[in-house]
Amino acid sequence: MGRIAVASIVTLWLIPISILVNQIVPEPYMDEIFHVPQAQQYCRGNFRSWDPMITTPPGLYFLSLAYVASLFPGLFCMQAVTSFSDSCSTSILRLTNGVLAVICSILVYDIIIHLRPSLDDKKATFHAVVLSLYPLHWFFTFLYYTDVASLTAVLAMYLLILKKKYLFSSLLGALSVLIRQTNAIWMLFVACAGVIEFAQSHQKYSVEIDDFSTSKEKDDLSAHRKGVSTISNLRKRKGNNGAKSRNKFTPQTSVPMTHSSGLLDEIHGIIVISWNHFWELLVSLSPFLAVFVAFVAFVCWNGSIVLGAKDAHSVSPHFPQLLYFGMVSALFMFPVHFTLGQAAFLFRQFCKSKLLSFFQWFMSLIIGFLSVQFFSIAHPYLLADNRHYTFYLWRKLINHHWSTKYLMVPLYVYSWLSIISNLAKNQKKLWVLVYFFACAASLIPAPLIEFRYYTIPFFFMVLHTNITDNKSWVLMGILYFCINCFTMFMFLFRPFSWKHEGGTQRFIW
């Protein structure tokens, strides 16, 4: 019932806003000028045609072909189109993401239920709806970009590995890489999460077996003592033998496998369990390894991780990108991270181990300042394109004054420490570490500040942060709703033009 409710609610806003967007902006806009013509080439059966400005693989276009193929018989019977290629209009191609957004909302609901099975169905539905309103995900639902398809494939891959369906999960991992190549990193993250989940489930099984053995020994001992007590009055002369017999059945001390809070202990435990089940793990996760090896071979053959426009998207050590992600994500979860309660919690954590906490904060600040000083990148697209909100954030905030970027470092550090502390409440420390490395590997090489790149790591973060109070979810939903209204209003009703170039320009993320 929850899946139907989530899908219905998402569809309620999807249909009218899609109609409005296609009426006001009927022609391809921004990156759509590359994606839409390329998809239409595929609709004509011209699979050898490729626009050299497109940086991502053709996974989205194949999904669109499948979607259009499902619509074509109905459209043809209604005489709405005369050929298959006519079905690939801009509006229908955009609707591919609309359908995927509905599927994505259902996947979010299923993951929430799987991670927190005790959660009430109504609350899980509400949480899934709020996450479907996440502004970066919501906005690009109505345009023909790769973001919605990318997120849907990654979440489907993750849900299947949580359910231990490794082969199907790896196939969706391959699809996610075909949609956006950086998803290879999230495929590795999902595989690592699968190993952690595998080890954790076997650890629980070992504890249950150990508890069962201890309980059985106690039952046997109790039964034996009862038998000895019954016959002791008849055979008093064998009392000493009875005592020896009781000593014989005294249970040995058992040391069950318990969850340790230490990172090194977690790593050691997972290595031991993985080694003991090496072949089982290898067979289960070998499809992920095959996909990753194929991806590495492609990168070596291609000479770059991107397909086209390699000069504009060359890999660069953009460490501040990770800092920006932490702050932006924390702001999108402000009822969780920017409250007096959270600040008090972090202060108590600091007081528990002052020396270690001081060292962590000090090193984090030093790394933050060094990253901002030596690795800040002002990409030409960021400086020249005033259609993006990041253009104004860079000029009016980050680069407003020479000192501003340094003054923001403590905010970056606080955001990340708050994120990590919240994740560590419910996840193993090793999981949090792997998540951090996945964020770093996917974000740092990107020279351009694009909030769209933050969507997948943000969803993993929220899904694994146990936000229990309804107030936080309500406030997040209100925030997302207000931002979505503003960005869509600016996109549709506040167009502008450039003196040096014709055409209508619109504000976009």
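Including glycine, each Cβ sits where the backbone N, Cα and C put it.
Fair warning: this is a prediction, and the values are worked out from it, not measured in the lab.
According to TrEMBL:
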SIGNAL    1-26  signal peptide
TRANSMEM  60-81  transmembrane segment
TRANSMEM  93-116  transmembrane segment
TRANSMEM  136-161  transmembrane segment
TRANSMEM  281-304  transmembrane segment
TRANSMEM  324-347  transmembrane segment
TRANSMEM  359-382  transmembrane segment
TRANSMEM  402-420  transmembrane segment
TRANSMEM  432-453  transmembrane segment
TRANSMEM  473-493  transmembrane segment
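Highlighted: of the candidate stretches 60-81, 93-116, 324-347, 432-453, 473-493, 432-453 has the greatest count of Cβ pairs under 8 Å to the transmembrane segment (359-382).
Remote same-chain residues near the signal peptide (1-26) are listed as 90-91, 94-95, 98, 101-102, 105-106, 108-110, 113, 121-122, 124-125, 128-129, 132, 141-143, 488, 491-493, 506 (criterion: CB distance under 8 Å, separation of at least six residues from the stretch ends). Listed as Cβ neighbours of the transmembrane segment (324-347) (distance under 8 Å, sequence separation of 6 or more from its ends, same chain) are residues 134-135, 408, 411-412, 414-419, 421-422, 439, 443, 449, 451, 453-454, 457-458, 461-462, 465, 467, 471-472, 475-476, 479-480. Note on the transmembrane segment (281-304): residues 164, 166-167, 169-171, 173-174, 177, 181, 184, 187-188, 190-191, 194-195, 198, 274, 310, 313-315 of its chain, located 6 or more positions outside it, place their CB under 8 angstroms from a CB of the stretch.
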